[in-house]
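Taken straight from TrEMBL:
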- 1-362: domain 'Major facilitator superfamily (MFS) profile' (DOMAIN)
- 20-40: transmembrane segment (TRANSMEM)
- 86-109: transmembrane segment (TRANSMEM)
- 115-136: transmembrane segment (TRANSMEM)
- 157-178: transmembrane segment (TRANSMEM)
- 190-215: transmembrane segment (TRANSMEM)
- 227-249: transmembrane segment (TRANSMEM)
- 261-281: transmembrane segment (TRANSMEM)
- 302-323: transmembrane segment (TRANSMEM)
- 335-352: transmembrane segment (TRANSMEM)
Amino acid sequence: MVAFPAMGWLAPRLGVTRLYTLSLLVAGVTTVVFGMLTYIERPAPFLGWCLTVRAAEAVGTAAAQTAARTIIINQFPRRMNSAMSLVEGMIGAGLCLGPAVGGAMYALGGYGAPFYTLGVLLLATAAASLVLMPTVTDRSTRTTEKGDRGSSYLEMLGLVLATADNWLIFAALLVAAMNWTAMDPSMEPYMHAVLGIQPAELSLFFLGSFAGYALSSPLWGRLSDHINNTFLLVAACLAPTALGVLLIPPSPLLGLRPSRLLLGLGMVLREPFQLGAYLPLLPLMVRRSTARGLRSDVRGQALVSAVFGAAYSLGNVLGPVGGGLVTDRYGYPTLATWLGGVTVFLCVAMALRGAVYHSTRRTAVPYVEI
């Protein structure tokens, strides 16, 4: 979360593709090192090195995500959603295969095997990016109506933060992250207590839901590219997302008893539809910031990518901590009720903003019959 703004400043100065390659090198090396930490026998040094290495890996990850999103915005200005959907589809595939493949490698080679394998793959990807990654150049030379030629990084950041629509997007990112990171860590203890579900069985539910996530990604990408008013698309996806969140425990508001059917239905609804709400947010932030006056060059693209990543990471920080506190104090169904309620509220806000956006565009661009 802290590293994202710094990476947005660094990307255009170091070079976006160079930053992407270096970030993969950092992530690969730290992943390999993490697999070697088991040789540290004393608890205090082991914990200290774990935190240090994971923090270094997180900085590399922030750099990689900032650079990757900047490359997507730069190379696919008219098909951002489709390009993002391919990336998210690969993430979903990794989430499906990761536990099974990682578990098999752990069984065959011990604790270090998954880390060594993943680290080497990251280093190989870094080498491949040197050859295959395109050069990122400034595609925009025009000055916007409120052009920011010569603006400093802080001035550009202030412009992005002064865009009201971006705060609605920040809220959507925060809720999306918390719907995943607040609920998932506490799901296994709750489901084991009420339904007797073992971790291996629960992993099958995650496998199915992540498969839906990966398979639905291209559909959402193509749909988003063909819809101008993506506020309404986000709102339409948030409604079934909220229902899925409420069905998982289930929420006391529904008056239903916990069951495997409701758990599976809730997860199948939550994953694909939350992806449908999440995918259009980056292109939407780019459009709204550019309309406000941000130049659509590499500096602006990197800045938007960094702010986007920081907002989502904030949800990743608050989700596990807040979710754990609420679950311990009020119970897992109450946590789902609160998250579902916030998601419904955000759905209504997005729908209202979409209606206003539609109304203003009809007023600004009247229909002319030829």
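Every residue, even glycine, has its Cβ placed from backbone N, Cα and C.
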Outside the transmembrane segment (335-352), six or more residues from its ends: residues with CB under 8 Å to it: 168, 171-172, 175, 178-179, 182-183, 186, 231-232, 234-235, 238-239, 241-243, 245-246, 248-253, 323, 326-327
Cβ-Cβ under 8 Å with the transmembrane segment (302-323): same-chain residues at least 6 beyond its ends: 1, 4-9, 11-12, 16, 62, 65-67, 69-70, 73, 153, 156-157, 160-161, 166, 169-170, 173-178, 180-183, 185-186, 281-282, 285-286, 289, 294, 335
Non-local residues, at least 6 beyond the ends, that sit with Cβ under 8 Å of the transmembrane segment (227-249): 172, 179, 183, 187, 190, 220, 256, 258, 262-263, 265-271, 273-274, 276-277, 280-281, 283-284, 332-333, 335-337, 339-341, 343-344, 346-348, 350-351, 353-355, 357-358, 361
Contact call for the transmembrane segment (261-281) and the transmembrane segment (115-136): at least 3 Cβ pairs under 8 Å, seq gap 6+: no
Positions whose Cβ lies under 8 angstroms from the transmembrane segment (86-109), at least six residues beyond its ends: 68, 72, 116-117, 203, 206-207, 210-211, 213-215, 217-218, 221, 275, 278-279
Contact set, same chain, for the transmembrane segment (190-215): CB under 8 Å, 6 or more residues outside the stretch: 88-93, 95-96, 99-100, 249, 258-260, 263-264, 267-268, 270-272, 275, 327, 332
Per-region confidence, the domain 'Major facilitator superfamily (MFS) profile' (1-362) (mean pLDDT, whole number): 89
